[in-house]
Amino acid sequence: MALEKTSDGLDNYAFAVDGIDRFCELPENKNGSDHNSEDGDSNKLAYCVTDIPPWYLCIILGIQHYLTAFGGTIAIPLMLSQGLCLQHDGLTQSHLISTIFFVSGVCTLLQVTFGVRLPILQGGTFALLSPTMALLSMPEWTCPAWTQNASLVNTSSPEFIHVWQSRMQVLQGSIMVGSLFQVLVGFSGLIGLFMRFIGPLTIAPTISLIGLSLFDSAGMNAGHHWGISATTTCLIVIFSQYLRHIAIPFPTYSKAKKFHTTRIYIFQFLPVLLGITLSWLICYLLTIYNVLPSDPDKYGYLARTDIKGDVMGRAPWFRFPYPGQWGVPTVSLAGVLGILAGVISSMIESVGDYHACARLSGAPPPPRHAINRGIGIEGIGCLLAGAWGTGNGTTSYSENIGALGITKVGSRMVIVCTGFVMIIMGMFGKIGAIFTTIPTPVIGGMFLVMFGVIMAAGVSSLQYTDMNSSRNIFIFGFSMFTGLAIPNWITKNPTSIATGVVELDHVIQVLLTTSMFVGGFFGFLLDNTIPGTKRERGIIAWKKAHQNESDNTLESDDVYGLPFGINSCLSSLTWTKYVPFCPTPKVSRQNDTPCSLDSLDTKTESNKGDTHIIAGVAL
């Protein structure tokens, strides 16, 4: 077994098994350049984007993708429950978790089938969390004091139901209206125009401030028991950073070798799940031995695992989420404008995710029509998320893109199975109820890691710019500082904005308390007005890394064409070239390059390399 790395720097340790020769090359190697055998092996996939693995492998890998998205998916409803006054209503929290899993599964199927058609998972987005929390922190939506006291909350009372449902309804309406903008930008092809003016110096403060603006919530959750939260954080860090190169032997079976052991790098692709599970177990042991206090007023009480013990009994076995389950959505102009800031950020991030996913799944770079469809379908996904009442939208999950490089399985059929798994899990009420029993300090420890990574991901965009330039240093520093200072001052002085028009006051307050909007606005304004060369601004390197054009080869058409015969019907129509989200007519070539993407060939040989993949995810 050899340790490997992909050409883009991603670790590929999980399934580097000797003797497996059933691989296809990634598109970067199609120029025929010579590489040594080690580099060649690290650039190969077991299954590529158009391949269909055996059904059992699709199910196993689909469950693994579900587990990979677990941390980010449940973090959003648990965070929203604070703004929705649901801290002491575990049953409703479980319904929110089930709903977001269900909608994420539906949106994943839409994206893989009709959207960009890459193996990319859809789920909740932290980009909408910042404007959402800003809206819920306004004086008119601040939670009443009695909802913070568990002894005063009657979760079945009409008064309490009205308190949280009225807040959810305004979130639903704002998200649904804001998502129409994303649908328009995607299907009209305007995303290309947007990307001309948005560079790394706009993206870096926008993404970074998503994580930084949530530091207060992470600290508040972790502060209920710093020992437990620190344990969770340390476990996740140890698993993801220190032990990721450690292989654990697992028993496997194959016809050729019979029963034998395979070494799997399990810590690399499930660090969050393992960290939460172990901390959860520690809290359970401390609870049954009465080490943690049983008095709600004492420090450490929220680390107990029996606080929401009745949720499991009250939660139904089967519950089908449906649109409008929390009531008729209402619309807030301030909420819509705040959501728009998050939607723009999400679109920019998704375009980069599409290219990364194509690179890791053995597909050619996505053409414009595929990107336009992908953004449009994400807008429809946000519309569905608003209608169903997740309190959030949907976006592409970067974590699962990384899992493609780890498992070396880039088949989109696996993601289709993941979508069905998420839908099924979302319909089992007991599944969501289990997640609500995670102690608050454990969630806080997870937030400390996740929000820190989000912040660092934004800063990493600066690698394309010349940070020796005083111009760039000023733009980034000023954008970051104002993105923290202005929202902090507005939050502490909510009555300072008084234009005489109540609706306008609400709009200004939501926008100025949304850190990512303030920082992104100044980054966009300064980067496009202060003189600087394209190389200095990072535009050249950025466009090179996120090239929006690819040749309309037959291979590209196989990957990004529409399914069910739609593509062949449209190929005979000349007017489709004027529709931004439709594939242009095929261009057949007599002299194809020698590397016409082996990754797209149909695999008919025996699946002798499946054993090592199954062993890596069957836990």
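Just so you know, glycine gets a Cβ as well, placed from its N, Cα and C.
Lifted from TrEMBL, the feature list:
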- 54-80: transmembrane segment (TRANSMEM)
- 100-120: transmembrane segment (TRANSMEM)
- 175-194: transmembrane segment (TRANSMEM)
- 226-243: transmembrane segment (TRANSMEM)
- 264-289: transmembrane segment (TRANSMEM)
- 326-344: transmembrane segment (TRANSMEM)
- 413-436: transmembrane segment (TRANSMEM)
- 442-461: transmembrane segment (TRANSMEM)
- 473-490: transmembrane segment (TRANSMEM)
- 506-526: transmembrane segment (TRANSMEM)
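A contact links the transmembrane segment (264-289) to the transmembrane segment (226-243), because at least 3 Cβ pairs that are 6 or more residues apart lie under 8 A.
Between the transmembrane segment (226-243) and the stretches 175-194, 413-436, 442-461, 473-490, it is 442-461 that has the most C-beta pairs under 8 angstroms. Of the candidate ranges 100-120, 413-436, 473-490, 413-436 has the most C-beta pairs within less than 8 angstroms of the transmembrane segment (54-80). When Cβ-Cβ distances below 8 Å are used as the criterion, the transmembrane segment (413-436) is approached by residues 47, 51-53, 57-59, 61-63, 65-66, 69, 74, 78, 90-91, 93-106, 108-109, 112-113, 119-121, 308, 311-312, 314-321, 400 of the same chain, each at least six residues removed from its ends.
Remote same-chain partners of the transmembrane segment (473-490), defined as residues 6 or more beyond its termini with a Cβ less than 8 Å from a stretch Cβ, comprise 134, 201, 204-205, 208-209, 212-213, 462, 467, 496-497, 509, 512-516, 518-520, 522-523, 526-527, 530.
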